Amino acid sequence: MPVKAGDNPRQAASTFLFWGRKRRSTEVSGCHTRAEDKRHKAGHGINGPSETQTANPSDVKLVPRRTLQGHSGWVWDVALSPDGMMAASASNDTTVRVWGTSATGSLHRVFKGHSGPVRAVSFSPDSQRVASASDDMIVRVWEIGTGVVSRALQGHSGCVRSAAFSPDGQLIASASDDQTVRVWDLRTGETLKVFHGHEGWVRIVKFSPDGKLLASAADDCTARIWDVQTGECGAVLRGHSDYVRTVNFSPDGSMVATGSKDRTVRLWRDGALSTILEGHCSWVKDVIFSPDSSMVISAADDSTIRLWSSTSGAACGILGPVQGWERAMAFSRDGKLVVSTADDMTVRILETDDRVWSCQ
């Protein structure tokens with residue numbers, strides 16, 4: 001398959017960062033940042049710049065639990081099972097691996113069957129299945145207990161970059177380079193809906209917590225909100241000046257966060273821009289919310305994972321230690337466990353300290 005800008009290996013060597021409790025100034029991939037700098041912009045509302053927010057960000061320590069090795073290519077995506085017992089990883093080596101999250105980090109399964117790089121992975125709500133999306137244009141659903149493929153969903157005409165289970169586990173949504181989003185019935189394997197509207201590769205798709213909406217992000221610099229039942233596009237989120245790499249709903253369903261190659265994170269409420277979060281100095285690859293929706297966590301190619309208040313937009317801290325360019329991350333539902341992957345073909349399981357969800 002053709003390779004597009006942004007999917008190539010980084011031209012510069014990785015900068016290795018080890019963040020502790022002491023604040024310091026550090027070079028980050030050629031961009032100078034100061035963790036002790038109190039001046040962090042909370043961005044611009046839809047009608048123009050809002051009042052600059054002042055925060056006192058501090059480095060927040062991550063305690064390594066286990067580094068999981070075994071993939072022979074970049075790891076594009078990681079996921080944590082809803083029960084917190086397993087992590088799954090999707091790799092350029094065409095495999096999906098399922099690991100235990102205990103201190104031993106034992107390898108449970110290696111799923112082989114895709115004929116191209118695996119771009120994304122997600123768990124079913126009951127933690128019994130894994131869905132994987134691949135450059136071979138297929139979404140596969142794997143049974144963790146038996147290791148067999150229960151569904152191979154075919155219909156896209158381009159690389160599939162994302163796959164997500166609905167909250168009730170009955171549907172899967174997928175996003176593709178063919179510029180469409182599809183919704184599949186897992187009971188029959190049939191396509192229920194095809195969503196057209198994006199004018200570029202669709203990078204990611206996510207269900208809302210109630211399963212009624214989908215959010216998709218694409219290389220056309222937009223994110224879109226779709227009605228799952230009708231297939232209608234309810235909102236087009238415009239404002240980013242470059243590819244939108246990631247999108248996510250808050251757990252309470254009140255917000256959508258987007259991350260872009262333009263180095264910003266944007267928060268949206270009811271289809272309108274709420275806040276622009278500025279601070280990263282490279283492509284934002286992943287963005288998620290804390291379990292209580294009070295904070296936003298963003299990972300970027302500048303070797304940082306940053307914490308923000310979702311209400312004020314204030315910068316609250318930098319998670320560390322972080323090594324290499326962060327590609328993807330996931331938090332457990334209780335917020336105490338982090339799984340992350342960078343550019344070193346490994347998956348890292350880490351524990352957070354008590355200050356992660358505090359913006360004091």
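Each Cβ is built from the backbone N, Cα and C atoms, and glycine gets one as well.
Per TrEMBL, the feature region 'Disordered' maps to 27-58.
If you look up TrEMBL, you'll see 68-109 (among others) marked as repeat 'WD'. Beyond its flanks by at least six residues, the repeat 'WD' (68-109) meets 115-123, 125-127, 130, 132-134, 142, 144, 147, 327-334, 337, 339-341, 343, 345-349 of its own chain at Cβ-Cβ distances under 8 Å.
Over the repeat 'WD' (111-152) the predicted model carries a mean pLDDT of 98. Feature annotation from TrEMBL assigns repeat 'WD' to 111-152 (among others).
The repeat 'WD' annotation in TrEMBL covers 153-194 (among others).
Non-local neighbours of the repeat 'WD' (195-236) in the same chain are 4, 120, 158-159, 161-168, 171, 173-177, 179-183, 242-249, 251-253, 256, 258, 260, 268, 271; each lies 6+ residues outside the stretch with a CB under 8 Å from one of its CB atoms. Residues or ranges marked as repeat 'WD' by TrEMBL: 195-236 (among others).
Distant neighbours of the repeat 'WD' (237-268): 6, 43, 200, 203-204, 206-210, 213, 215-219, 221-225, 274-278, 280-289, 291-293, 296, 298, 300, 308, 310, 313; these residues of the same chain sit at least 6 beyond its ends, with a Cβ under 8 Å from one of its Cβ atoms. Feature annotation from TrEMBL assigns repeat 'WD' to 237-268 (among others).
For the repeat 'WD' (277-309), residue counts in helix, strand and coil come to 0 helix, 19 strand, 14 coil, using DSSP. Feature annotation from TrEMBL assigns repeat 'WD' to 277-309 (among others).
Residue counts for the repeat 'WD' (237-268) under DSSP, split into helix (H, G, I), strand (E, B) and coil, are 0 helix, 18 strand, 14 coil.
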